Amino acid sequence: MILLWSCLLVAVVGILGTATPQPGNSSLHRLTRQLLQQYHKEVRPVYNWAEATTVYLDLCVHAVLDVDVQNQKLKTSVWYREVWNDEFLSWNSSLFDEIQEISLPLSALWAPDIIINEFVDVERSPDLPYVYVNSSGTIRNHKPIQVVSACSLQTYAFPFDIQNCSLTFNSILHTVEDIDLGFLRNREDIENDKRAFMNDSEWQLLSVSSTYHIRQSSAGDFAQIRFNVVIRRCPLAYVVSLLIPSIFLMLVDLGSFYLPPNCRARIVFKTNVLVGYTVFRVNMSDEVPRSAGCTPLIGVFFTVCMALLVLSLSKSILLIKFLYEERHSGQERPLMCLQGDSDAEESRLYLGAPRADVTESPVHQEHRVPSDTLKDFWFQFRSINNSLRTRDQIHQKEVEWLAILYRFDQLLFRIYLAVLGLYTVTLCSLWALWSRM
């Protein structure tokens with residue numbers, strides 16, 4: 001009886017052990033062992049060494065992270081895809097439970113040595129250790145990359161500038177006889193693909209054009225694929241914070257020309273406008289990109305605006321100086337006329353007064369007392385009349401001089417307005433021209 005129960009227990013254990021699947025016997029494990037057991041990642045995966053391995057590339061721009069104008073660097077986030085065929089990693093799916101695709105560690109496989117020529121910093125990408133391999137041996141390696149690349153950034157048309165930065169992919173060691181490059185998608189699809197781009201940033205993606213060419217060098221001919229990333233700056237924030245305040249200050253300065261040229265408050269007003277513009281320019285200096293190659297047009301715009309404000313203030317000071325000198329020279333004339341002896345002598349001769357060298361008798365001196373009072377009164381009246389007449393002449397000259405100053409002020413205002421208009425048209429034309437290039 002004991003022997004019977006022992007045999008039954010052994011049979012049950014055997015059945016259970018046979019029914020439990022072993023991990024090493026699964027189709028996926030058997031396929032992985034078969035593919036990697038005798039695989040050598042140091043060797044390019046072709047049976048015929050004379051055939052080149054074609055690597056198909058694709059690029060999708062996700063965002064523009066930073067544009068460093070001073071150091072001429074562009075930082076972008078891209079989705080990079082490369083596909084190639086490994087002839088040593090193909091299998092018959094019917095022998096492995098119809099497995100069409102598996103994931104394998106990239107470190108265990110041969111991978112093309114594709115680099116970006118414009119790299120100026122360490123490539124930053126998440127650690128994705130696996131790639132997909134299908135039954136025909138096609139390997140798909142997809143990963144996001146943060147690319148910090150060198151780019152010739154032109155800020156002449158800031159903030160309406162358009163930048164064209166290239167990302168050139170090629171093998172660092174293998175020539176075109178060993179590794180060739182191709183496009184994973186149609187070029188038109190690559191150029192117009194903007195679905196993944198973040199439009200809420202400072203930059204707008206215009207296009208991603210792509211070209212294929214062979215670079216010839218002393219080490220051999222290398223296949224290259226170049227993606228030209230064309231981006232345009234969104235100018236609204238800079239127009240609101242930089243251009244519109246400057247335009248308002250210039251319009252306020254133009255309004256000051258309607259003040260009378262002899263008004264001293266006009267100079268105070270223009271001085272306050274100039275000081276305010278200087279403070280505004282200093283506070284907004286960090287908003288304008290600095291480039292050693294060229295000066296942005298907006299920098300020229302600020303400089304010319306400040307020069308025009310200084311010119312406007314200088315013109316008003318010059319007009320006030322002319323008017324003051326005319327008044328100062330006119331105020332001295334009545335004093336000279338009152339202090340002179342010619343009018344007194346003429347008055348005495350006109351009234352029949354005797355000269356100082358003629359002696360009169362006592363009888364005449366007695367009867368001359370009322371006559372002397374009348375003559376003194378007439379002399380004072382004549383002096384006042386001459387003084388008023390002189391003042392009227394001076395006032396008339398001041399009025400005439402002020403009229404001349406008004407006309408001169410209008411002439412300078414028209415010249416100033418013409419210069420400002422010509423400068424505005426020229427600047428807008430240059431901005432429009434450079435933004436299209």
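Each residue, glycine too, has its Cβ placed from N, Cα and C.
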Range annotated as region 'HA-stretch' in Swiss-Prot, from 113-145, 179-211, 311-343, 377-409: 377-409
Correct range for transmembrane segment (source Swiss-Prot, candidates 49-66, 265-282): 265-282
One side of the membrane in Swiss-Prot: Asn85 and Pro261: no
Cys165: disulphide-linked cysteine among Cys151, Cys234 [source: Swiss-Prot]: Cys151
Secondary structure tally of the topological domain 'Extracellular' (283-292) (DSSP, helix then strand then coil): 4 helix, 0 strand, 6 coil
Cα-Cα distance linking Asn134 (N-linked glycosylation site) and Asn92 (N-linked glycosylation site), given in Å to the nearest integer: 10
Sequence-distant neighbours of Cys151 (disulfide bond) in its chain (C-beta under 8 A, six or more apart): Gln72, Lys73, Leu74, Glu118, Gln163, Cys165, Ser166
Long-range Cβ neighbours of the topological domain 'Cytoplasmic' (260-264) (under 8 Å; 6 or more residues past either end): 316, 319-320, 323, 402, 405-406, 409
Proximal but sequence-remote residues of the same chain as Asn134 (N-linked glycosylation site) (Cβ under 8 Å, at least 6 apart): Gln100, Glu101
Positions on the same chain near the topological domain 'Extracellular' (283-292), where near means CB under 8 A and six or more residues out: 69-70, 153, 155, 158, 238, 241-242, 298-299, 302
